[in-house]
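The following block contains the structure, expressed as structure tokens.
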Amino acid sequence: MAIERTFSIIKPDAVAKNHIGAIYNRFETAGLKIVAAKMLHLTKEQAEGFYAEHSERGFFGALVAFMTSGPIMVQVLEGENAVLAHREILGATNPAQAAPGTIRADFAQSIDENAAHGSDSLESAAREIAYFFSAEELCPRTR
């Protein structure tokens with residue numbers, strides 16, 4: 001098993017409903033360690049930059065508006081097969097299709113406001129981590 005890092009966002013809908021602690025508990029219970037975290041309110045420019053790969057898709061404007069509608073939590077998670085483990089904890093993108101007990105099944109209302117984001121590959125994780133965190137902000141958890 002490989003120790004990996006992945007990137008995660010707790011989106012404005014889940015932050016507004018005070019689900020941060022419950023979601024962090026899910027990460028830690030699954031063996032993922034939080035090695036960096038911060039709360040921020042994305043600017044339009046930050047959201048457009050982060051989601052640039054979707055800029056030509058019809059939902060881009062609504063996505064940017066949602067992601068700038070309130071504070072978010074961004075975090076870096078570390079653990080065995082972290083990318084896959086995190087995505088399994090999140091559940092399907094559409095909460096109506098997410099397995100019971102997953103973050104999206106338990107905390108999301110719709111496919112548009114689905115509580116959380118997780119990197120889909122190691123390459124995406126590296127890019128997304130670097131978008132929000134400097135190397136100095138990552139704190140390896142060795143104890």
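Keep in mind that glycine also has a Cβ here, set from the backbone N, Cα and C atoms.
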In Swiss-Prot, the residues K11, F59, R87, T93, R104 are said to bind ATP. Which of N18, N114 is said to bind at that same site?
N114
Mind giving me a neighbour count for K11 (ATP binding site)? Other Cβ atoms within 10 Å of its Cβ, every protein chain shown.
23
Which chain-mates of H117 (active site, pros-phosphohistidine intermediate) that are at least 6 residues away have a CB under 8 A from its CB, listed by sequence?
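H117 (active site, pros-phosphohistidine intermediate) has long-range Cβ partners F7, S8, I9, K11.
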Starting from each candidate's C-beta and looking 10 angstroms out, tell me which of the binding-site residues R87, R104 has the most other C-beta atoms.
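Neighbour-count leader: R104.
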